[in-house]
Amino acid sequence: METEWMNETSAEAPSVPAPEKTEKKKFSLKGFGGKKKKRWLKILIILVVVIAIVAGCVSRLTKNVNTQLSSSYLVSTVTRQDLTVSVSGTATLQPADSYNVTTLLSGDIVSAPFEEGDLVTKDTLLYTMDSSDAQDSMDRAQISVQQAQMSYQQAQEALHPTAPISGTVSEIYVHNGESVTAGTQLAKIVASTELSIDFLFPFASPSDFYVGQAATVFVDGYAGSQMGTVTYVSNSTTITSNGKEAVSVRVRLNNPGTVSDAVTASAIIGSYSSYGQAPVSMPASSVVYASGSGTVNDFSKLAGSTVTKGEVLCTVESETIRDQIESARLNLQSAQLSASTASGAVDDYNIKSPIAGTVIEKNFKAGDKVDGASSGTLAVIYDLSYLELEMAVDELDIGKVEVGQEVRITADALEGQTFSGVVDKVSINGTTANGATSYPVTIIIEDYGDLRPGMNVSAQIIGEVVPNALCIPVDAVERGNTVTVPGPGALSEDGLSVVDVTKLETKEVTLGRNDDEYIEVTDGLEEGDVVLISNQASSLMDMMMGG
């Protein structure tokens, strides 16, 4: 029954139409107009072409970059070799010494006895200039010295009076402690201790008197007699005042004491007595005077004392005299300095070579006029006993350089020739430029052959030789003491080139000594290993140029 009801209900229900299926709309150009359809078609074609071109370029560029990077490495094998540690550089040759001969004087050149190429020694005369004016100045200066010396001696004489002659002190006029003034008599000195007296004797026979005959002399004022000797007998006779014939006989005797000019004497020779009294002939004498005012001290001579010329007799002391001495001394010193300067000025007119060497230039000759410094260089002299050069060595290499090391010298001007030098000096006075410091190293070349001053040369300072060192090229070392090595598949089958840069590896190494091309590896590599030398700069340039 239930079933029937359901059927009935179904029969009676109104019919409902089934829903329609909805179809998806597809993109079609049918709805566009003709012009729009053509424009969009062109755009699509252009896009496809552009994408294809870009994809091709990227592929080609990637391939080209990989190829270029692969060719930017040079392959080098780690080898063992004897490594010579050296430092190289360039410099210009100089003579051992050089000198430009100049003068500040003006005047005419009188002589120039040398030529270019002559070998000269130190102090060889090169030029003689007219020095007449300088000579006159020197002569005047010498006269001034003589005058100053006399003044100084006179000042000294005032302090210390001296004996003007050699002889005997016959008179003393002052005593110690007395004050004197300039011109006061101090003492008298006679030149000899012998007296000479001319007597008149009666003439009987020429043989009665002769030279060397003994005579007895009686000097007035002195007791007793003095013995003398005949030194002269006149060949003629004379008539005395009372009309008697007489002969002149000279007798010499020692001074019995302080005899004066007023003393007379008589004599007996043999059986003859002299006629009357004869004056005593005194020897030369001199009185010593005070030259300044002061007090007499240190007068120790007594009458009859023997003195020599220049011997100090006493001291006349005063501040005034000492001031005069000091002033005279200073004047003498000044005169001597002036004379020395004048003499040096004369010497300056003789221009000499300051060094031994070879005359390179002669710019003036005899007869030329020199006008002081404005005349420039008169001559140039080189000491060519050896050549030298000064090479700048970088601060990183200066520790390798020592005095005495061998140096190999080459010059472009003398192709194929090598010369030997030696390090003579390593300076510690460095020069800094652009953040780097270099030090001058002086090298001398004794056997320089055809090398000449002024030539540019290359120098290699030979340092330590490391035998059988494990070496790689210096250019293979990168920052941080690393090297680039090929991994598996990075090299070509023959191992001579890089084919895949993505398989390269970096390896750290420990480095030792080096020369200009190779460096020692003490750890990190083995003999036969391969290292790569980057040449990316040139490869990048090739890529930029389309190579």
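Placed from the backbone N, Cα and C atoms, the Cβ positions cover glycine too.
Fair warning: this is a prediction, and the values are worked out from it, not measured in the lab.
Pulled from TrEMBL, these are the features on record:
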type     : residues : note
COMPBIAS : 1-12     : compositional bias 'Polar residues'
DOMAIN   : 101-190  : domain 'Multidrug resistance protein MdtA-like barrel-sandwich hybrid'
DOMAIN   : 287-373  : domain 'CzcB-like barrel-sandwich hybrid'
DOMAIN   : 390-461  : domain 'YknX-like beta-barrel'
REGION   : 1-20     : region 'Disordered'
TRANSMEM : 40-61    : transmembrane segment
Limited to the domain 'YknX-like beta-barrel' (390-461), I'd like the whole-number average of pLDDT.
96
Helix, strand, coil: count each for the residues of the domain 'CzcB-like barrel-sandwich hybrid' (287-373), based on DSSP.
32 helix, 25 strand, 30 coil
What is the number of residues in the domain 'Multidrug resistance protein MdtA-like barrel-sandwich hybrid' (101-190) that are helix, strand and coil, as DSSP sees it?
28 helix, 29 strand, 33 coil
